[in-house]
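For reference, TrEMBL has these:
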- 6-28: transmembrane segment (TRANSMEM)
- 40-58: transmembrane segment (TRANSMEM)
- 64-81: transmembrane segment (TRANSMEM)
- 110-129: transmembrane segment (TRANSMEM)
- 165-181: transmembrane segment (TRANSMEM)
- 188-210: transmembrane segment (TRANSMEM)
- 216-237: transmembrane segment (TRANSMEM)
- 267-286: transmembrane segment (TRANSMEM)
- 292-309: transmembrane segment (TRANSMEM)
Amino acid sequence: MYNYLIVSLLLIISSLLYIPIAKRFNIVDKPNHRSSHTKVTIRGGGIIFFIGALFFFLTTGLQYPFFFAGLTILAVVSFIDDLISLSALLRFSAQVIACLLLIYQSVYEYNLIFLLFLLIAAIAFVNAYNFMDGINGITGIYSIGVLSSLIYIDLYIYDFIEEDLLIYTLISVIIFGYFNFRKKAIFFAGDIGSVTLAFILVFAAYQLLIATDSPYVLLLFIVYGTDSLMTILKRFYLKEKLSEPHRHHIYQQLTDVKKIGHIKISILYLVLQLIVSSVVITTFSYDLSIQWVITILTLIIFAGIYMTLNKMLMRLIQKEG
């Protein structure tokens, strides 16, 4: 318990120190046509997610070295990208190297085709999580729900990971939330925040998947996953370039069209995820065949929810237009 208090104190100090440093070096996010905020705000506050993981690494005998090497690569490249815009090729190369290290740490004994699938899925997950970080509070509030569910599973259902990695990350997200979960955020996570947090979560997801073979790993991220995947499919349908800015995510449309506050939307995403996660936790002991049935049905339900909301919001946009 004392180590958690010490880590909390160090992360609070790190956050407070980062604010004047960011102001001094003009590490800020300026509003543009695709932003959901209206004032200049400090960027990169999510650096404390990496600092939390660093504390874990140093206090557990350098556990998960390949994972941490990948995390460090992503953190450095993402922080530089927060300072100066890097090329997409450089960012992608860093993601490939980092995810290869993650896979080597977790699942190197599997066949090549499966490893290639895991590599593609990990890169897609990191980018999707980054793209979803578009309004105050959403990534932090949502991640608190995901991390809490993973910690509960690890402590009370199946020991699949060193829990301190998840607990230190949860502490860092809660502290980040103090500065971000408000109408006018003190700082945003930045790429270093959303990317490193996503990398930690995909590592935990892979650890759980390899340990249990459970499809429920998908359901632990279903709200973000549905919004991300269905939005990509929508953009393919509209023949848009995926590299171009857009406002098609459901959370963006709820903000733009329905004028719902950022924190309310973030809490909505959290509540939906917690409902699904509670089903996962209560049925985790079920046979894998039953888990697959529950997973597929849940995916269908959430795809239907997305399409219904999207159709409703599109009608409102056309009506206002």
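Heads up, the Cβ atoms here are built off N, Cα and C, so glycines get one too.
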Stretch of maximal Cβ-Cβ contact with the transmembrane segment (188-210) [cut-off: under 8 Å; candidates 6-28, 40-58, 64-81, 216-237, 292-309]: 40-58
Any contact, the transmembrane segment (216-237) to the transmembrane segment (64-81), with at least 3 Cβ pairs under 8 A: no
Chain residues outside the transmembrane segment (6-28) and at least six past its termini with a C-beta under 8 angstroms from it: 40-45, 47-48, 51-52, 55, 82-83, 168, 171-172, 175-176, 178-179, 186-187, 190
